[in-house]
Amino acid sequence: MIFLAIFFTFIFFYRLDYNTLASWDEAWYGSIARDMARTGDFMNMVWNGKPYYDHPPMGFWLMAISYKFFGVNEFTTRLPSALLGIFSILFMYKIGVELFGKKIIGFASALILGTSVWYVIRTRSGNLESVFVFFYVLTIYLSVKSAKNFNWFPLVMISFGGLILSKTLVGISAIILILYLNFRQIISIKKNFVLILIGGLFFTLAVFPWYSYHIKTYQDFIEYHFIHKGTRNKEFSSYFHPMLEQPLFYLHMGVRKWYYIWLGSLGFLLISFKFIRKNIFYLLLWNFIILYPFLTSKETELWHLIPVYLPLSLIIAVGAYEGIQLVNHVLKQLVNRHSGESRQRRDGSRIDSGQARMTKLLSKFFYLVFFLYIAFLQVKIFYREVYPANKWIPDDVEISRAAGKYNRSIYLDDDYLPIAIFYSGKDVQPLAYLPDDKKTLEKFIQSDEKNYVVITRNWVVDDLKKKEIKYKLLEKNNSFSILTKP
């Protein structure tokens, strides 16, 4: 665990603040969290002066807390994601150990998750995936513990509440996994009534306040949040029409070299009937319930599949381990038959020879070397993709910061609205959202609008010159200008 913690601290934190925030969704989410930190209102999320409830608030809460303690910048925007990314890796290790009793499986599964390129990319960003993955993996870990000792169940439900508050609807699939592991204890209501009641109470206290408030406050909340955003207006019949090509292509792009090893491990666990074991069946169930909805959606994006990396990592680690165990068994039989070192016990069983023990040690060694080697290749491949060579400030960020200095309304004649809002520190109105008589810069400059600055591209300013339309240039960089009325 120490190696994993040190290694992935480097992977997730190295040059974390070198890039400025991406417009969608980092600067968007960062603006919402900054407003929350400013006002101290952790119930209402606001973006550009309007209510925001596309997603529940957990990721925004954590970002706002980061801003409160350490200020508003790129590093503090990404800090919660990177920090929870490390904890997710450690809990993946613990799940492998708890489910299979093998540290080597936990280590391999953690290594696989942490070197899947899109997990790294999103963990190093101010997005919601890392927060969601953390609460998902924590919920599974606590469920495994609860299956062995039901006193853990209230903690399961607290974590599940955090999961539901992390991203719209996606985390609901975890309830199947909780029930699968804890079904016997849950149906023993008389015996476990108090723990079940406490767990339900904790979940309600976590989830109910935010959701009940928004359902009461916003008339369209249920339809917009659950139907439009949560299911993407997906029809029930579409679940029976898989569209495998694009989602599986995205899954391949997200985990790179681990993809075909996953397919091989999955195939081996099915063909060898290892899946009849409860812990292995659990992994396959987890893989199915979290992957299948994405296989039936036209709107699946690459980052949507990141939660699939959790069971995928464990399936690879377990499949490879079971494969090595099979090889060991075959070699052991050969050694027992042909080695002179092997001795027969009185009951007819055989004692492992020195060669068999050496084979077992070597197989574990090659297992570790294999996963470390693939992990090394993964990092080598994505290094330049993930880590910027140096710090630089794009022109859109620079001009947005400059616009924030003016005590005037800010308008934007471009499409990087979240960047303009975050880096100016103010609400920004896009010209494209204005009435037709003000929708273009030419019309806007000639309108009766006063006390404003407008950000536009330099070629648009050149066009104004040619048309002899009067304006006042306040600031300019290589790509953008800030104008106002002359």
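Here the Cβ of each residue, glycine as well, is placed from N, Cα and C on the backbone.
Please treat TrEMBL annotations as automatic predictions, because they have not gone through curation.
In TrEMBL, the feature transmembrane segment is placed on 257-273, out of the ranges 53-69, 257-273. Non-local neighbours of the transmembrane segment (193-211) in the same chain are 43, 56-57, 150-151, 153-154, 156-158, 160-162, 164-165, 186; each lies 6+ residues outside the stretch with a CB under 8 Å from one of its CB atoms.
Here the transmembrane segment (103-121) sits against the transmembrane segment (365-383); at least 3 CB pairs are under 8 Å, leaving out pairs fewer than 6 apart in sequence.
When pLDDT is averaged over the domain 'Glycosyltransferase RgtA/B/C/D-like' (54-211), the result is 97.
Distant neighbours of the transmembrane segment (128-144): 25, 29, 55, 58-59, 62, 80-82, 84-85, 87-88, 91-92, 94-95, 98-99, 119, 122, 152, 155-156, 159-160, 162-163, 166-167, 170-171, 174, 177-178, 181-182, 286, 303, 306-307, 309-310; these residues of the same chain sit at least 6 beyond its ends, with a Cβ under 8 Å from one of its Cβ atoms. Long-range contacts of the transmembrane segment (156-181) within the same chain, counting only residues at least 6 positions beyond its ends with a Cβ under 8 Å from a Cβ of the stretch, are 54-59, 128-129, 131-132, 135-136, 138-140, 142-144, 146-147, 199-200, 202-203, 205-207, 210, 225-226, 229-231, 282, 285-286, 289-290, 293, 307.
Non-local neighbours of the transmembrane segment (365-383) in the same chain are 11, 104, 107-108, 111-112, 114-117, 120, 256-258, 261, 317, 320-321, 324; each lies 6+ residues outside the stretch with a CB under 8 Å from one of its CB atoms. Beyond the transmembrane segment (257-273), the same-chain residues lying 6 or more positions past its ends with a Cβ under 8 Å from any Cβ of the stretch are 112, 115-116, 251, 280, 284, 287, 312-313, 315-316, 318-320, 322-323, 326, 374, 377-378, 381.
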